[in-house]
Ligand code: AMP
């Protein structure tokens, strides 16, 4: 096998200190993702950076590791924050600060997420004690600046994460206010999934001679495309193991390789799949050569049907029987996707590539489609009814085989005695039932919510609906499928703009800006669509919160809110 990528840079090659290398190895990261490979060296050298990368590429570690590296390397006043990471939502603030905390544990990094909705008192106490990395939503950061509780004059690094989202949510002014409070010679890092003109302007104003990195610009070589059916399923993280089980049940692969990001994920998923009746084997960097050989033998001779692996461990594997490649997460770069699925569809055989994506990773799928110039078909996770139908189909096929085999004579007496009492049809039904149950198909009753992606960038949709001359909104008869419309007791007359609502909802509830649907603003109230599953939580978290400095009523829309 020599179709492996040449770039085998390790985290150690990137010049990271031992404390960070140990943290990464403890997390089961085996090698840097492409964006980490490209971003870490210039960032560690103090350069500004403009990076186009979506969630799922490993961008958090790409900026967090150099921040920690630089912080550990220099002399400084430990009372003032070293770095500020600005993120659009509370959810991301928590995620990013957890990541920075995990990477920087051995370095004793003190990290604090600050976002609206959390009592400010606790944040004040922690800030007073001294924090190294502050991860904040812009609104809350401005609050702290105006109270004088967040001091940025000794700051050395500012990161704008998901900058396009922050602009979509109306945080542009807040970003300017915050950046104006930081030293002019700070290092500035900007990551954005898309690069519209507004991001370019933001970068021109605030970044100085930045290194530019784009993940997903390279084109796949023409003619490289294998004969592979490519599908993707968008599934919330909590439902991924069950969704994968169902997809595999329906696909019934002869042999499949399931790619995971980390060692822990490989081990956990192997266990889950074995529990579901698969014969799954794990393969990752922590596995000895001897074990590896054993696993490969099992896969080749058919005693195992699934291989759960990291990219590193799967290097150099060539498995003849492979019919399916499964990406348990969206790969960190399109090249990695192309490389993985290059293992199937060879020599004219058909192959199937399956990708599970979390709702936030939807953008990365689009990037992969663009780069590979191939469609990835969005499919619905099989429902419980689909699974039942599929299992019955398998039982039917097995009975059909058995009928063709002509070795049924010895059972005739059983049928004959039963037909004294029952109809032949009934006897057949009972026999089918027993045969079906004997396949040991485990009951799977978990509901997996269906994800309905909406078209068009959220920002554009909202912008249109916020403007215009109409005094009262023309209300659509019903909210979109899967969405609940909320009534918010403040509207145009209180100066409410769509971005204020998005900011409040995304900041207070654990909801991504993109998940918020249509917004309509009337004179004295507004209507906002949120996913059904999040409605209750949004109402609860907005209770007591303020929008534009006012407390507002928030409730489910009644039939007629006026
Ligand atoms: P992000 O794009 O920063 O949201 O990261 C996506 C996911 O990839 C997170 O769950 C990270 O923990 C994980 N991750 C980041 N870098 C690596 C790596 N080098 N190896 C394995 N997993 C990683």
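From the backbone N, Cα and C atoms, a Cβ is placed for every residue, glycine too.
Motif 'Q motif' is the annotation TrEMBL gives to one range among 9-37, 38-66, and that range is 9-37. For the motif 'Q motif' (9-37), the DSSP-based tally of helix, strand and coil residues reads 16 helix, 0 strand, 13 coil.
Residue counts for the domain 'Helicase C-terminal' (243-388) under DSSP, helix first, then strand, then coil, are 65 helix, 25 strand, 56 coil.
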